[in-house]
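Novice: Take a look at the following structure, please.
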């Protein structure tokens, strides 16, 4: 037998939603939909839900299981599962009202707009960008999972950004889609990738819709935001996305030309957080690796790619190619830099063997005898590491290897902190709201420190904790923690 809880609610009848518990026979590979049907049959429960195709093609059966959106016809039910409706107005139980979304689609003119008459011919190469976005089955998993929608009414959400982009990239369409996207909150997206993670059709809305629509907005003069223009100016003039305060990390360390391992610092480690870079050198030295910090490296270009300002990216890629070529491995300590070097650079013809520091160390961590670090810590998954690079287990393996360390998970692993996608600079109120939610999760854990592997997340979480009166909680890069465990002091 397994136990399944279902959130029941009928507006106008029930005062508030409530969970009801059901025990049902366990069957191999039982789907959530099968479980709901069995509950109704066994208990005469009359739970309301939608389903149609049972093949993952219609999208009607989307629900939440243990807080994550799934298709009931495809997801296997878990013992102890809590089944809830997606985050739309409830008609009854798991059945939600989609009319508000459908009305908005009509109001926004989300249909092919063209004055042309007769048959319009379209070349296959001109159809590729829009073709990627035509697989949506309207399950609205993305809307239910998007962290920004919950914090801002300005943002229409990933479903609508995909819809706008589908026509924006269609050469037959004549509407001003990029400007329309900006009006609907195009620059509110943190590019956290949660929508892509839950999409049953694996549509990459941040990469294939939002970032490309932002690039179109920049070309057509509808974007970017003023704060993003300032960052572009800074990168164009200095090669870095942040101001130079004091002596930079790269100019502080000597070159090690014999090494086959290169360290790509990123802007913040070089100009603002040199201690993280120093910790990396010490930690890798303990493992017997001497690392070179190549001169001539500049901003990876991520802030420009995420905000659609592509005209200077090719130059940044070329400068970094010259700086990084010849190494067997490039190590990063910034999630955004790592994701950009791995995923975006190949589109510019640059292939590098890039590893996040946690990937490099995870299989070597048992080689070092560490001293106890008596702290209680949690770990923040940077979006561009967890979803952008698929790195989840490696940081946890490292944390669990440190003697004396008590590691506890956050309530919602992988919850965006709000610092990415140009939101921290362009829409600071959204970043602050998401940061507050992250801080509240951390408050519940009573930890000494939050560990992460992204300087942008690190600084933003630190700011968020201080604003919520939690300034005594440290925010550390995982290298700083390892440096403590390796140190003889």
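Sequential numbering from 1, following the chain as shown.
Here the Cβ of each residue, glycine as well, is placed from N, Cα and C on the backbone.
Checked Swiss-Prot, it gives:
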BINDING   53, 58, 61, 73  [2Fe-2S] cluster binding site
BINDING   136, 139, 142, 146  [4Fe-4S] cluster 1 binding site
BINDING   189, 192, 195, 199  [4Fe-4S] cluster 2 binding site
DOMAIN    2-89  domain '2Fe-2S ferredoxin-type'
DOMAIN    124-158  domain '4Fe-4S ferredoxin-type 1'
DOMAIN    178-209  domain '4Fe-4S ferredoxin-type 2'
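What's the neighbourhood like for each of these?
Specialist: DSSP assigns residue 58 ([2Fe-2S] cluster binding site) to coil in the three-state reduction, outside any helix or strand.
A coil conformation is recorded for residue 136 ([4Fe-4S] cluster 1 binding site) in the three-state DSSP classification, outside any helix or strand.
Neighbour list (residue 189 ([4Fe-4S] cluster 2 binding site), Cβ cut-off 8 Å, at least 6 residues apart, same chain): 148, 155, 158, 161, 206, 210, 421, 423.
In this model, the domain '4Fe-4S ferredoxin-type 1' (124-158) carries an average pLDDT of 93.
Residues of the same chain lying 6 or more positions beyond the ends of the domain '4Fe-4S ferredoxin-type 2' (178-209) and with a Cβ under 8 Å from any Cβ of it are 56, 59, 68-71, 74, 108-109, 129, 132-133, 135-137, 139, 141-142, 144-148, 152, 154-156, 158, 160-162, 164-166, 168, 216-217, 219-220, 222-225, 228, 306-307, 343, 383-384, 387-388, 414, 416, 418-423, 426-427, 430-431, 434.
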Novice: Nearest to residue 195 ([4Fe-4S] cluster 2 binding site) by Cα distance: which of the binding-site residues 53, 61, 136, 139, 146 is it?
Specialist: 146
Novice: Excluding 189, 192, 195, 199, which residues of the same chain place their Cβ within 8 Å of the centroid of the Cβ atoms of the recorded [4Fe-4S] cluster 2 site?
Specialist: 142, 145, 146, 158, 191, 193, 194, 196, 197, 205, 206, 210
Novice: For residue 136 ([4Fe-4S] cluster 1 binding site) and residue 199 ([4Fe-4S] cluster 2 binding site), what Cα-Cα distance in Å is obtained after rounding to a whole number?
Specialist: 9
Novice: Would you find the one among the binding-site residues 53, 61, 192, 199 whose Cβ has the most company, meaning other Cβ atoms within 10 Å?
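Specialist: Counting Cβ neighbours within 10 Å, the top one is 192.
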Novice: Between the Cα atoms of residue 142 ([4Fe-4S] cluster 1 binding site) and residue 199 ([4Fe-4S] cluster 2 binding site), what distance do you get, rounded to the nearest Å?
Specialist: 6
Novice: Taking Cα-Cα distance, which of the binding-site residues 53, 61, 192, 199 are within 10 Å of residue 146 ([4Fe-4S] cluster 1 binding site)?
Specialist: 192
Novice: If you count Cβ atoms within 10 Å of the Cβ of residue 139 ([4Fe-4S] cluster 1 binding site), leaving out that atom itself, what do you get?
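Specialist: So the number of other Cβ atoms within 10 Å of residue 139 ([4Fe-4S] cluster 1 binding site) is 24.
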Novice: Please classify the secondary structure at residue 195 ([4Fe-4S] cluster 2 binding site) using three-state DSSP.
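Specialist: Once the DSSP labels are grouped into three classes, residue 195 ([4Fe-4S] cluster 2 binding site) ends up as helix.
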